[in-house]
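Chemist: Just dropping this structure here.
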Amino acid sequence: MKSEEDSATPLLKKGPQNSLPPDFPYVRAWLVSGILVIFYIMAGLAIAPVISQYVVQRIKYDLNVTVNKTTSSCGKDDDSQEQEIQKKAASLTLYYSLVGGFIAVLTNIYMGPLSDAVGRKTIFLIPVLGILAKDLIISFIVFYNLNLNYFYLAYGIDGLSGSYFTLLVAMFSYSADVTVPGNSRTIAIAILEGCSAVASSAGQLATGYLIKFWGFLYPAVMFVGLSALNLVVVFFLLPETVTIKTKPSISPLKNIKKVFGFYFSGANMIKRYAYLIALGVFFFGVVTFLGRSTLETIYQLGDPFCWSPITIGYFGAVRQTAQCIFSLVALKILQYFVREEVIGIISCLASVAGFLLEGFADTSLMMYLVPVASLFASAVIPITRATMSKMTLPSQQGALFASIAIVESLSNSASYILYNSVYKATVEYYRGIVWFVMAGLAFVAAMFLLAFIWTSNKGNIYPCYEAELTINDDDYGGCEHSHEH
């Protein structure tokens with residue numbers, strides 16, 4: 001059941017636990033942070049289908065398969081050639097992502113502690129600059145028909161800025177700054193996740209039309225413009241939430257300790273176990289989604305679907321928007337009846353159902369039913385983020401979300417390696433096997449959630465936020481109390 005604390009506290013942070021000034025513009029903070037997240041996601045994640053489809057088309061040109069820039073040759077080539085094209089495209093997109101992901105892991109060791117020290121605004125600016133550079137390079141690759149190896153440069157620069165994962169550090173640390181711990185924070189994080197989904201959907205839809213009628217250059221240039229606009233939004237409009245700034249540490253060991261201290265030092269044993277299990281939930285929850293979009297585009301371009309860029313755009317837009325809206329509404333309703341971890345288990349099972357259906361799909365109609373089966377699939381990720389945030393003191397939110405971002409970037413790389421390897425090994429026999437693997441991983445996440453419920457019932461894992469000013473921030477256990485549901 002919903003706790004008294006959650007029912008009595010508003011969405012925005014107010015009261016003695018808040019270090020922000022009384023006149024802090026909460027409404028502007030929410031609006032501007034939402035806008036910049038939407039712009040970044042459109043410029044960063046929605047460009048993934050552009051890259052996938054462009055790589056496929058370039059490989060076909062090299063093989064003299066087609067001469068039309070936007071018309072698929074699916075169904076016109078022999079099956080072995082189509083499978084070879086898909087294998088090569090999957091390999092290239094895998095290698096690009098690994099380069100950016102590996103560099104982003106190293107970068108994000110510094111980003112969380114840096115955001116706690118110098119403020120959230122700086123940490124928003126860094127990935128926005130990185131995605132602007134990436135989109136510019138991609139535009140040059142498309143315009144000048146450059147060698148596909150230049151994509152490594154684009155992904156490498158993006159990785160140096162921390163990529164999407166640094167934006168997540170800033171985004172969720174910022175949300176923790178302006179909300180109270182409890183169910184309201186879960187809803188706030190779910191709303192931010194929803195902004196990301198809607199932005200990605202809108203970007204994919206626009207991308208499909210632009211590719212269809214004008215080729216690959218126009219969407220790439222559009223994303224450059226959005227990235228440039230985002231710089232203006234962050235620099236001039238976003239209010240800072242870190243009021244007391246300190247000198248950041250440049251020691252890698254100190255930063256590693258700050259970022260991963262939650263899991264291996266301080267606190268009590270039960271809380272450390274709870275952190276580790278929650279991180280396991282997050283890893284398996286995220287790994288089923290991050291490596292999916294690029295591979296799914298290649299999957300849908302090929303036989304038996306042979307979808308056009310517009311159809312792919314519509315599918316991605318409808319699926320993500322429907323999942324976002326349904327998950328948010330269902331999450332808010334279910335919070336009144338069951339604890340959030342149980343809601344997360346339901347979400348994982350919805351993921352399993354969607355992946356199984358996608359694996360068996362051999363017609364477009366079955367593919368269209370996948371979003372219906374997995375309507376509630378996206379709730380487990382914001383639930384896990386919010387749960388870990390509620391376990392953590394306010395002055396350590398940046399470090400916590402940095403550890404989550406590092407795991408997310410590792411999940412991204414792991415998912416690309418696993419899914420592309422499985423797809424390449426099984427595409428000749430049965431294309432849907434990779435989706436069965438995703439279903440299995442989603443089920444593992446549900447098992448981790450059961451373990452978290454059992455562990456959290458063994459002791460107190462949530463800090464006493466009302467005593468926050470007297471707590472030693474170096475003690476991850478600190479003052480804790482029972483958290484009743």
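Placement of Cβ uses the backbone N, Cα and C atoms for every residue, glycine included.
Summarising the annotation, TrEMBL assigns transmembrane segment to 29-51, 92-111, 123-144, 151-174, 216-238, 273-291, 342-361, 367-386, 398-418, 433-454. According to TrEMBL, the feature domain 'Major facilitator superfamily (MFS) profile' maps to 32-457.
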Chemist: Which listed range (29-51, 92-111, 273-291, 398-418) shows the maximal number of Cβ pairs under 8 Å with respect to the transmembrane segment (367-386)?
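Modeler: Checked against 29-51, 92-111, 273-291, 398-418; highest Cβ contact count belongs to 273-291.
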Chemist: Pairs 6 or more apart in sequence, C-beta under 8 angstroms, 3 or more of them: is that satisfied by the transmembrane segment (433-454) and the transmembrane segment (151-174)?
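Modeler: Taking Cβ pairs at least 6 residues apart, the transmembrane segment (151-174) and the transmembrane segment (433-454) are not in contact, as fewer than 3 fall under 8 Å.
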Chemist: Along the domain 'Major facilitator superfamily (MFS) profile' (32-457), what average pLDDT does this model show?
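Modeler: Looking only at the domain 'Major facilitator superfamily (MFS) profile' (32-457), pLDDT averages out to 87.
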Chemist: Which listed stretch (29-51, 123-144, 216-238) has the most C-beta pairs under 8 A with the transmembrane segment (151-174)?
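Modeler: Comparing 29-51, 123-144, 216-238: 123-144 has the most Cβ pairs near the transmembrane segment (151-174).
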Chemist: Go through the chain and flag residues at least 6 beyond the ends of the transmembrane segment (273-291) whose CB is under 8 A from any CB in it; none is fine as an answer.
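Modeler: Contacts with the transmembrane segment (273-291): 97, 262-263, 267, 344, 348, 351, 355, 378, 380-381, 384-385, 387-388, 391, 403-404, 407-408, 410-412, 414-416, 418-420, 438, 441-442, 444-445, 448-449, 451-452, 455-456, 461.
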